[in-house]
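Marked as domain 'SSD' by TrEMBL: 382-510. Taken from TrEMBL, the feature transmembrane segment covers 403-422, 457-477, 484-510, 583-603, 831-850, 856-876, 888-909, 929-956, 963-985.
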Amino acid sequence: MPAADADAPARDDDAGFVVRTISRRPCVTCVATLLFAAIISAVGLVTGTLEVQTEGWETRGTPIANRQVPYSLYSESTFDDGTTNNAYLSEPNARRKLLSGTPDCGTGGQYDSESNSNMEDDNNFHLIFESTGGDLFTPEAFADMCKATESFMDHANGGGDGDDFGSLCERQSVCSSASDPPGTTSSDWSSGGTYKGTWQNWQIETSGSPSTYRRCSRAFSYPTYLYMNTAGASSCDDYLTNSALQTALTNLKTYLLACAPVKAADSEAACSGTSPVPWKSAALGEAFGLNGVTDLSLTRSIIPTTGNSDMIATWGLNTWEGGWTYSSSYFNVYYDTASSDVKDAYVDEQLFKDLALAVSAISIIIILMWVHMGSVLLTVGGIVQVLLAFPSAIFFTKTLCQLDFFPFLNFIGLFVIAGIGADDCFVMYDKFQQSKCRCVPGANATEVMKRAYWDSAWAMFLTSMTTAAAFYSNAIIPIAPIRVFAIFMGTMVIFDYLYDITIFAALLAWQHDVIVGYENTGKNTFGSWFLDFYGSIARFRANCKKGPPKTRDADDVIDSNRERRSVAEAMLADKVFPIIHTLRWFLVVALIGAFAGGMVGTLKLSTPRDSEVQLLPDDHMFTKFSFLRRSGFKSSTESQVWTKVLWGVTPSDNGDHFNPASRASIEWDTSFDLSPTANQNWLKTFCSDTKSNMANDNAAYCWFEYFETWLGSAGGPTECGGYKFIPVPQANFYSCVKYYADQNPSVQMMSRPLSNAFYTSNGQTRMKIMSVQFATNVLWTAPTEDLEKVWQTWENYFAAKMATAPAGLKNGFQTSDAWAWMDTVAQMRDGAYIAAGTTLAIAAVTTMISTQNVIITLYSLLCILTILVVTVAGVVSMGWNLGFLEGICLVILIGLSVDYVVHIGHAYAHAARHEGVSRRECARSALSVMGFPVLGAAFTTLCAALALLQAVIVFFTKFGTIVVLSAVFSSIVSVVLFIGLLAAAGPVNGMGDVTRLCGRKALSKSKSIAY
């Protein structure tokens, strides 16, 4: 009996339950799926919040991160274990005072010394002055910095009393005056009792004779305080004319230069000589006075404020958006609060604006989907399936997985899934149209879907599972935003796939049967233009010709001469493929060269040298402020690395590692005991040996050494049993140290007064925590590899020391903000590499399952790797490094790089399973069948990503860049280079076919290699 013709009418009774259900009952299928999606979406949205969160960019749960937890908790001013915080708050001297005194309303008195008790407050404004090339210790520069500070304090964002800086500033004590304060006139006072026009922002407290007034506290800075403390000087301009002030400026610089090396060796040491303005490390650049550097290139003004951080941030943001600046030829000025409240407010505001760009990018995808399919129904259905995947993923992560944290990255997932969803829709649609061309004219949806559904569903299953696995694999990175984003994105990909093979497939089937009616009658209706725009145009043109409209019955015999390919198939097979085939060997060389060149560029990818997750461009004012504040000053926490040794706590993090808002609690090490005399001697030796043998320039802070010095000078206090040296008798030790701490409140340990480290149990004083610290020879800005080497050196040293420690001190360990930062970067780096390797392994498995051919699988991996390395090399050439946001972008890149190659490989493998076919025929078939869906998806994604390049938030621009490069390189590699490789050396006649090698499957003898 002769074999059935490939184009013979198909019977739909053997189509299978799923195909029959979707094609015969599309409305039921669609409504049931929509109802399911709506229910779980509603549950997800009701049970979880969608607050945009940008924090959490540090590792949790790793050994190094766990060490930093107790140190960070204890050193925070908000920490309260029942005694520590209360002790801190009740100790008035715990907060340093720069100067003291009460302001006077008199002409000279208003410049007297004043109290700045909250100078260290995080809500204070900081103005950072960065030299444009010269020394800032000049009269001209000091005059300009002084005026810039007063200009900022004089700024008003509106006309009301609440819009000027006076509504935020910390005010000085009440002063009295029989007349208006100096520099003011009665006509300038507002009805609200405040005076505008000067930095003082005077405010009337009580009216009378005399009246009482309060003004804003002066900003702390060397320019403002020096003229205040110089006789005869009363304004910033006096730096240019007052010789006494100029002499004072010279003397101040001399004093600070001499003091710098002393403070570098011991931050608590006293400098020789006197100065009208005290040493302030927060106002001096890191390099000033060290290694022959005599020019001051960085300084700042600290402006005290009161009020809540939101109000202060709003005023600062309005000031920024209002365009306040100060132009000087000597410096650039940057400003924000110490805790970057203004930047955070700006980022939150800009984040929503940039998310609007992402939404507009989705709009571009919608338009291009309609252009590709010509159907409003399918376009709406496609975008609905994408949008439903978002709340469905919320249901999975928040309701099922109980992940409360929702990083802002999840919102960009909408754009990612829109591109992936469009790709899936194109695959399903184009496979359906190709099958329709090979069926009897007028064939119903069941007949067409019998050919197209399972093949397209299988192809999408492979790519969807690979893409989802690419995202899920990044959940190994112990950084909360990345973990949650990886799980959320992987889940969205799965839901999108499920909705595509149900909702979209059902709409496609329903639309097909409706369109068949239009095709049989040759007439258009209003609805036909919505469902089949391009077909409606063809029918309109045909009806415009003379003669009756052409109709056909469903039982028409197949015209053996009719075109059985879509227009796109014919163009790619007849026009494009011959060119690729002619250049196939050149393209093979180009593919190998691209891979080699990309590898060279990828190997240059470095880790970041800045601990902040940069959300704004490098040249943005807030970015520069943040970097200089954290790493530019002598007080900066991210300049030279100091390692701390802790006792009394265990390195653990018992909070929720998936939620940055879930804080850990300190777990105390009750075995810690410093009181035995052997322990005191060991600690004394440990401090001395480490300072001499390990610390950079012998720089260390070991409070125990100051305690011993005090013992001798105090003459053997009674609390110490009369001892003047270490060791103190064990029975007296804790009482002695506590007495020392109470008598010397300025002595700090872990950013707190030493007295906070004690507690009373059963009437006995004990010490609960202890720390000493040492300077290392590495900077925060060093490459991660250098930080890791230094950390390992110190780790080995401390391990050896702890092995010799007596009982009570054996559980000490080192930690540092820098080591935690190093760990975060290393985890990001290693996690990205592991995720990439895992994804490639999964891609290899899915490609092998899809093609069942070893050779095609190897070729596919080569192409996927080429896409990855060429894209990474491209961003490396743009100056990128493997930071947090870049790591997220590479996570997405891995997921996007797989799909197109797998589609092409699957199509080639299908054609190669036919007996007697050539490489040329198989490659030609793969290009014609999958080329247009791949190019359509790539073009759609590319056009949408271009909109993101206009964003301000760095993540969006970098994400857009990655997507653009990925779309370009993926389409070129898969449609051109991969096809060229297959045309030149693709397997045929069972070569490399695993099933044939195992003798379980024979080649098809069908003459048609079509689907």
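Along the chain as shown, the residues are counted starting at 1.
Backbone N, Cα and C atoms are what each Cβ position is placed from, and that goes for glycine too.
Values in this document were obtained by computation on a predicted structure and should not be read as measured data.
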Query = For the transmembrane segment (831-850), which partner among 583-603, 856-876, 888-909, 929-956 gives the most CB pairs under 8 Å?
reply = 888-909
Message = For a three-state summary based on DSSP, what are the helix, strand and coil counts in the domain 'SSD' (382-510)?
response = 111 helix, 2 strand, 16 coil
Note = Of the listed stretches 583-603, 856-876, 888-909, the one with the highest count of C-beta pairs below 8 angstroms to the transmembrane segment (929-956) is 888-909
Ask   = Which bits of the chain, at least 6 residues beyond where the transmembrane segment (856-876) starts or stops, bring a Cβ under 8 A of a Cβ in it?
value = 591, 594-595, 597-602, 604-605, 836, 840, 843-844, 847-848, 886, 889-890, 893-894, 897-898, 901-902, 905, 908-909, 912, 958, 961-962, 965-966, 969-970, 973-974, 977-978, 981-982, 986-987, 992
Ask   = Do any residues of this chain, six or more beyond the ends of the transmembrane segment (583-603), have a C-beta under 8 angstroms from a C-beta of it, and if so which?
value = 862-863, 865-866, 868-874, 876-877, 973, 976-981, 983-985
